[in-house]
Amino acid sequence: MKKPGKFDRNLIVIGAGAAGLVSAYIAAAVKAKVTLIEAGKMGGDCLNTGCVPSKALIMSARVAQQIRRAGQFGLRTVEPNVDFPAVMRRVHESIARIEPHDSVERYTDLGVEVLRGRAQLVDPWTVSIALNEGGEQTLTARAIILATGAEPFVPPLPGLEEVGYVTSETLWDSFSRLEEVPQRLLVLGGGAVGCELAQAFARLGSQVTLVEMTPRLLPPEDREASEVVERCLREEGVRVLVGHKAVACELDAVSNKRCARLDHGTGEETLEFDQLLCALGRRPRLQNYGLEELGIVDDGKLPTDGYLRTRYPHILVAGDLVGPYQFTHMAAHQAWYAAVNGLFGDIKKFRVDYSLVPRAVFVDPEVASVGLIEQDAKDKNIPVTVTRYGLDDLDRAIVDGADRGFVKVLTVPGRDKILGVTIVGENAAELIAEFILAMKHGLGLNKLLGTIHIYPTMAEANKFVAGNWKRAHAPEKILKWLERLHRWRRG
Ligand SMILES: Cc1cc2nc3c(=O)[nH]c(=O)nc-3n(C[C@H](O)[C@H](O)[C@H](O)COP(=O)(O)OP(=O)(O)OC[C@H]3O[C@@H](n4cnc5c(N)ncnc54)[C@H](O)[C@@H]3O)c2cc1C
Ligand SMILES: NC(=O)c1ccc[n+]([C@@H]2O[C@H](COP(=O)([O-])OP(=O)(O)OC[C@H]3O[C@@H](n4cnc5c(N)ncnc54)[C@H](O)[C@@H]3O)[C@@H](O)[C@H]2O)c1
């Protein structure tokens, strides 16, 4: 394994999802000779099986729900007439419209060489590509970025293969073949995928049961946010079973009935379903392309340093493959570090900044957060002041019938320094942008309060939570003194 004296490329990027596309783009922008290799579809999970199809489906479901809610706005209520094949066609049309953003043509124009095929690391500097159109190509590179993503985790549940299931990867094609929305849908996993899709399918007419083994939905989120989501899902007819763990599945060969067995601590419940969605997390793609053979993956682990370098400093990683956050915007964030450290790390390298990672779960109402969560502050004994503003008080939320949710801000006690924000509400993922910017640039709640917000908007909630904080931190001594001054001036 001698390091070559000369290389074919400055950089080879394996995987053309969010992480790989952005890495290759950055390398081309600084005039490196870069090859991007993709075995499957350009755009990876986000475009083809993740963010894009799920948000398109959520939009159809939202419209169905608006129709159902018409009575609340003085219109005659009707039950939406869901044309499920048309809904799924719209999902695929949305993907098709966005596809050009991630296409071979676009990246070729940007100066990236794109090869369609399966990459395999032969030695630390050499990649062989089994080309999709046939044949093989071998290239050496001075740096390599692994951006091969993750895939749905399917647990070894007895009977699961026999009953059949879909995952976020197979659902979009599999359900496109259905004439009607699945009648009884069982969703395993109450994380982001499970909650978003459970609500969407319930709104489109499925009888949905959502099963989560921990005591609450969306375990990493604010506890009160989980409660709001659970309440809203129940109100919309989703059967939510928290504290229930799927332990086995059964197929009755005679009646063709499919069941899941759920353990709830004190016993088991058996549940019948027509379709089963496995949404139990995503695990990194580590196997069958040379990582184990080179010792990059050791005992199923992929050790990296703060610069996204593997045990070979010129082989770097980005995106879902490495985590710890599996978001498209995180993949893009890491891609910058991987590309810059890969190309210039011997001159100057940059440690990845994980200090401010925003996220959102696109249930309705949305849950968006950035920085510290109240529960984490308690668990880690971090002292915080919690300030809250309920959307049931906000003029725009009331007129729009969007008054469910809250804005919660955690600050350093006695100081105007924001540590974390959770927003639950319509368009929370948009509303939180103001706080992300404020936190990034060290602006406190006083600055937010001193900023004019348009009336009547949902964004006023950000100002009003700052107002609540200000009132709670009013300078009592000065106010007492002013009261005396005014009394004296009245004579
Ligand atoms: C249902 C769902 C909804 C989601 N919604 C959101 C959301 O709203 N917002 C958000 O931020 N995130 C969301 N995500 C997460 C987001 O999709 C991922 O975090 C993101 O796509 C990860 O990008 P990546 O580049 O790391 O990996 P991927 O997109 O998985 O790309 C990896 C690519 O590598 C290719 N590959 C693998 N091995 C090889 C090989 N040996 N040779 C060549 N190519 C190879 C694969 O074919 C794949 O295209 C969602 C995920 C799911 C499942
Ligand atoms: N809006 C977004 O940004 C978005 C949307 C979807 C997915 N994603 C990303 O995709 C990744 C995967 O999402 P996910 O929801 O599949 O995974 P997840 O890890 O977030 O949730 C899986 C859930 O399944 C539960 N679980 C595990 N085994 C179980 C069992 N046997 N029975 C019942 N429950 C069980 C876990 O407790 C967990 O809450 C996440 O990390 C997320 O970052 C992001």
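Each residue, glycine too, has its Cβ placed from N, Cα and C.
For reference, TrEMBL has these:
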- 10-335: domain 'FAD/NAD(P)-binding' (DOMAIN)
- C46-C51: disulfide bond (DISULFID)
- K55, D320: FAD binding site (BINDING)
- G189, G190, G191, A192, V193, G194, C195, E196, E212, G281: NAD(+) binding site (BINDING)
- 357-461: domain 'Pyridine nucleotide-disulphide oxidoreductase dimerisation' (DOMAIN)
**Prompt:** If you draw a 10 Å sphere around the Cβ of C46 (disulfide bond), how many other Cβ atoms fall inside it, taking every protein chain shown into account?
**Reply:** 25
**Item:** Cβ-centroid neighbours of NAD(+) site G189, G190, G191, A192, V193, G194, C195, E196, E212, G281, 8 Å, sequence order
**Value:** V187, L197, A198, L217, L218, A279
**Prompt:** What three-state secondary structure does DSSP assign to G191 (NAD(+) binding site)?
**Reply:** coil
**Item:** Annotated NAD(+) contacts G189, G190, G191, A192, V193, G194, C195, E196, E212, G281, maximal Cα-Cα distance (Å, integer)
**Value:** 14
**Asked** Out of C51, G191, C195, D320, which recorded positions lie by ligand 2, with a C-beta less than 6 Å from some atom of it?
**Response** G191
**Request:** Scan G189, G191, E212 for binding-site residues whose C-beta lands under 6 Å from an atom of ligand 1 and note them, or write none.
**Result:** none
**Request:** Determine how many residues of the domain 'Pyridine nucleotide-disulphide oxidoreductase dimerisation' (357-461) DSSP places in helix, in strand and in coil.
**Result:** 33 helix, 29 strand, 43 coil
**Complete:** Same chain, |i - j| six or more, Cβ under 8 Å of G189 (NAD(+) binding site); the result in sequence order is V211, E212, C278, A279, L280, G281
**Request:** Quick one: average pLDDT across the domain 'Pyridine nucleotide-disulphide oxidoreductase dimerisation' (357-461), no decimals.
**Result:** 98
**Prompt:** Counting other CB atoms within 10 A of each CB, which of the recorded positions C51, V193, C195 comes out lowest?
**Reply:** C51
**Number of other Cβ atoms within 10 Å of the Cβ of E212 (NAD(+) binding site) across all protein chains** = 28
**Request:** Across all the protein chains here, work out how many other Cβ atoms are within 10 Å of the Cβ of G191 (NAD(+) binding site).
**Result:** 19
